[in-house]
């Protein structure tokens with residue numbers, strides 16, 4: 001007669017233990033997730049003499065960058081709510097370690113001088129498909145045959161974009177062609 005109530009109590013206790021274990025596991029994973037770093041979106045474009053990297057990270061703080069001659073580019077910064085964002089790229093070719101940086105409201109643009117003037121077939125040394133957060137910056141893109149000789153091009157790189165290929169980055173805001181057309185009308 002007492003078999004069923006006892007089993008019901010045991011079952012209820014077992015469910016309570018499982019719920020407690022799930023709650024503890026969830027709290028641990030949530031805590032770990034906050035400490036993990038994230039990858040910001042990285043847009044890239046090139047000219048024969050330089051590479052442009054645009055890191056989409058609004059309100060970035062504590063920006064740390066290392067650019068090594070063999071082409072290793074390392075970035076880290078704190079984003080909104082203090083989340084850590086970082087990435088490391090092994091660029092296709094060698095670069096000059098000094099770089100130019102423009103910190104805007106929504107992104108950080110880097111202009112990195114190539115050691116040798118040439119067009120790279122891709123941004124990374126590896127032939128594997130790049131990580132999903134690395135994308136071509138079509139607003140800064142310029143094909144090899146469209147590039148104007150650098151002696152005739154303007155050297156004003158306030159937003160790190162040559163005048164030989166039309167592009168814009170107003171105060172760190174991403175260029176939106178449709179909005180530009182609407183503004184001109």
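Any Cβ shown, glycine's included, is placed from N, Cα and C.
Fair warning: this is a prediction, and the values are worked out from it, not measured in the lab.
Residues 146-185 are the range that TrEMBL records as region 'Disordered', among 106-145, 146-185. Per-residue pLDDT, averaged across the domain 'CS' (37-124), gives 96.
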